[in-house]
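Inspection log for the structure reproduced underneath, given as structure tokens.
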Amino acid sequence: MGMAPAPPHTPMPAATTPAAVSITCSSSYEDDDGAASSWSLSSPRRQPYRRLLHDEAQRLRRARRSQGPGADTPRWVRRTNDQMARYVEDDRAGHVHGRHVVAAVRAVRATASRPAADMRQAMASFVAKLTFREMCVVLREQRGWRQARDFFAWMKLQLCYEPDVVAYTILLRLYGRVGKIKLAEETFLEMLEAGCEPDAVACGTLLCAYARWGRHKDMMLFYSAVRRRDIVPPISVFNYMISSLQKQRLHAKVIHVWKHMREANVVPNQFTYTVVVSSYAKEGLLEEAMDAFGEMRRRRFVPEETTYSLLISLSSKHGKGEQALRLFEEMKDRGIVPSNYTCASLLALYYKNEDYSKALSLFSEMEQYKITPDEVIYGILIRIYGKLGLYEDAQDTFEEIEKAGLLSDEQTYVAMAQVHMNARDYDRALEVLESMRMRNVKPSNFSYGALLRCYVAKEDVVSAEDTFRVLSTCGLPDVYCCNDLLRLYMRLGHLENARALILKMREEDFQLDEDLCMTVMEFYCKSSMIDDAEKLFKEIQRNGKTMKIATMISLIEMYARNRISMFLKEESLPKALDSTDSSAANIVLKSLLDMPEGLSNACQLISKLAREGDTDHAKFLYEQLTALGTKPDDSALATLIVQYGQNQQLEKAHELFESASALSLLHSFS
């Protein structure tokens, strides 16, 4: 037995197996330290063999010195005595293939420097000298697509040529490498017309060409055709496809291909799981991402830091803080060093949960791992200082970021401005936001929203309206900005401006959140807009939103002052108080009584109306409560009776006292 260095690339497999590894027809091998292993032969020619291997190893060392650390390491193949004899006596002289194959490769490549060269003339001396297999090798070794195209045309004219999927696959790979998609499609159709049934490698080659050049629509159409033929591409092709789709943020299509892989029983590898988990996370599908992640661990693949980071961030956003912390501990147990993004996600979670002690301990771990905080982490630290009331520490951190040259994100400016607003120092907040503009940091709706809140807090209507106008350039601002400006209008008594803003929201079919619904309802009540209030109340009930007690009180007070029910505006009060729940006031009042402290708040409203001298409306509300079978507090009754006495309305006071006494007696028997 003997040892000989194998070529740096394996020879082309049989014709039934398409070539997957490129072969360099070069007379020099690139090698790391290629010393020959000791071997012994009973043949008397073992010394020449040993000398041959020694010379070859020396040549490889010399070639390696100019290659650097990227040089390839040769594989040493054990050979029999006869194989060693043939290895020495053949005419390859260290080449992978015979001399005539290497010469043919060079002859075809030489036509690249002669645009007008005729392939038939260039290959005239090789007619009837190359086998079909050797012609495939020559085709595969071409670097230019034109030379490959012309040689393939010459190749089809030879007697030994027979249509084969291997040759077409080689040409497909060459076209796909340089982006000649149209030629690749024509070659694939020619293969079908020639009667060659495409295999998984041929189909996968064209799929990879589509993926490589961003032709995702064509790729998915061709993939559907491949599936109809029951051809399952190898896992490497699937990985190429989903990687290309993910780079274009087509995460839904990544998930679509992943489901097809599962149906076809394709065994995924670590790269597959990494891409799929990432796409699930980018789509916000936490449960599916965790299922794929769990399967990845069961197959004993070690997840990357980016995979852990995405899942930690997604778990935090879905309110699953414990799961995020478990993933972080698992990552540390595996010896994976967290990135800045992971630390920022955890700090944001601690900030949201107001768990500031853990946030400080995480900063200690970052120092241990030698993780340098970036601007995002500093911004979260500023917010934490603001929550703790450590305004000077927040300011010092902000100045430290500025001195370090890290201050470039608008969110950091807004965080510092928010700290000043929490301290009611609105002038300094405006200075921070103004400095952001002076440094050419492009503002977004996020910073404009903070600017609007600052002007609203200062009750600067003109500046607030200007800021709101800027926000409205790309459509109506979000619910928070609308709510802030609407409350400012109501606080300052600018009801016409408030009415115009609400009308604009209704015209654009703006979706109100719970807080904005309450603000709009308070405006309707304050302006005695009964019909609009009733419509909004029905909408709140239909959407299952919860009204605040203060809003309910305002709504009931409006009904009490106007004595108007929802459907029976012309009916008498007794009919309006019928048990059919036709009165909107009764509906709101019932909702109020079902809430904690609801009866107490209703009685306080009765007392408030009575003290303001509005005894009729106070009595109306009192009768509403009694009609619902609820006994008001004695304090509310006493306040109303006293008010009747002060107004010299003794008969009404006596009548109310008698009805209250009868009601008390009825409740005592029940």
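Heads up, the Cβ atoms here are built off N, Cα and C, so glycines get one too.
Keep in mind that what you see is a predicted model, and the values were worked out from it rather than measured.
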Region 'Disordered' per TrEMBL sits at which of 25-44, 45-64, 305-324, 525-544?
25-44
Counts of helix, strand and coil residues, the repeat 'PPR' (513-547), according to DSSP:
26 helix, 0 strand, 9 coil
Cβ under 8 Å, sequence separation of at least 6 from the ends of the repeat 'PPR' (199-233): give me the contacting residues as numbers and ranges.
18, 20, 165, 168-169, 172-173, 175-177, 179, 181, 184-185, 188, 191, 240-241, 243-245, 248, 250, 253, 257, 260, 264, 266
Summarise the repeat 'PPR' (478-512) by DSSP state, stating how many residues are helix, strand and coil.
27 helix, 0 strand, 8 coil
Secondary structure composition of the repeat 'PPR' (304-338) [DSSP: H/G/I, E/B, coil]:
26 helix, 0 strand, 9 coil
